[in-house]
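**Student:** Okay, handing you the structure first.
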Amino acid sequence: MGIVKVLKTQLLCHLIICYVFLVSGFIINLLQLCTLPLWPINKQLARKINCRLGYSISSQLVALLEWWSGTECTLYTDPESYPLYGKENAIVVLNHNFEIDFMTGWTFCERFGILGSSKVLAKKELSFVPVIGWMWYFLEIVFCKRKWEEDRRTVVQSLRNLRDYPENFWFLLHCEGTRFTENKHKISMEVAEKKGLPKLKYHLLPRTKGFCATVQNLRGTVTAVYDSTLNFRNNEMPTLLGVLNGKKYHADLYVRRIPLDSVPEDESECAVWLHKLYQEKDEFQEHYRQTGQFPGPITSPPRRPWALLNWLFWVCLLVYPLCRLLLQLLLSGSTFTVVCTFVICFAVSVGIRWMIGQTEIEKGSNYGNKDVQLNNN
């Protein structure tokens, strides 16, 4: 096992993982592009195909977390609600405290067979990002610019388009709008004090307008809100680089199923309801900090093999021709070709590590008044 752990930290393995993800992603994006002529003929079939193609991309990140890192996931929930997970459409309200919380959310989507059709509310800029952004475009993800006056019309229309979606889906929402940091929290609580809103200890103020619009436009299609609060054991702050290095974490997720009928329809009442929900989420986090666990029964939804099998398929398909190409270059006898090959590999490795480092820095320290003020829009 020691050899395996060392192997997981090696740059060559990281390069192969990134190569497989990017190349397979571009191939799948191309296949998604080929479904465009099918939309006017059979829209529902095109949607189902895109769900499977999207799953082939997002499940690679789930496989990275579950099988490469070996991260374990424990679910705290009501046994009566558990059989409904994956069998109904739902709005999932997640806290936003960790760098890999989106991967953990996808992991639970996968364990209940809902990953391929899961939805999010994402920034408009992400729709232009190859692989993930393009995949989301074909999955009818709801994009916004974080300016409600400009977003209202497009967000409402995008949400209404999901009313006849042929697959069960979860709509994942980070209502805080940005990842929690101490500086953001300080600014957010200053805003709460000025506006007479309840203060929170472990969360930022939630953005109410996006949540209320989602509830209003998916009512009748969605049957419940899943209030989900995530934490990691031993006060760990997991990172994407840690997952890539094969570091094992243990995620605990507390989920409450709240029937959508109990959420007020009026926008102002809905906003008050959401603020109250976040006060309760704060209490759950306080309970976790004091006891090391969430309240309620524990269950561990089993890992499904499909994410791993999909990942292995792409590895087998793409790594073999790459190895043959590198071998031919090395055996070509040309010193220039050999040197260029090593230089390119080194440059790519440095570039990947730099991008991961920059991502961590930006996610950890990119805060300001504008981001936090948006949480109240």
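The count begins at 1 with the first shown residue.
Using N, Cα and C of the backbone, Cβ positions are placed for all residues, glycine too.
What you see is a predicted model, and the numbers here were worked out from it, not measured in a lab.
As annotated by TrEMBL, domain 'Phospholipid/glycerol acyltransferase' applies to 90-212. Residues or ranges marked as transmembrane segment in TrEMBL: 12-31, 126-144, 308-330, 336-356.
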**Student:** With Cβ-Cβ distances below 8 Å as the criterion, list the same-chain residues six or more beyond the ends of the transmembrane segment (12-31) that contact it, or say none.
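**Tutor:** Tertiary neighbours of the transmembrane segment (12-31) are 53-54, 56-57, 60-61, 64, 68, 130-132, 134-135, 244, 311, 314-315, 317-319, 322, 345, 348-349, 352-353.
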**Student:** So which residues does the transmembrane segment (308-330) touch in its own chain, when a touch means Cβ under 8 Å and the partner is 6 or more beyond its ends?
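**Tutor:** Those are 16, 19-20, 23-24, 55-56, 59-60, 63-64, 66-67, 337-338, 341, in sequence order.
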**Student:** Pop the mean pLDDT for the domain 'Phospholipid/glycerol acyltransferase' (90-212) in here, whole number is fine.
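**Tutor:** Averaged over the domain 'Phospholipid/glycerol acyltransferase' (90-212), per-residue pLDDT gives 90.
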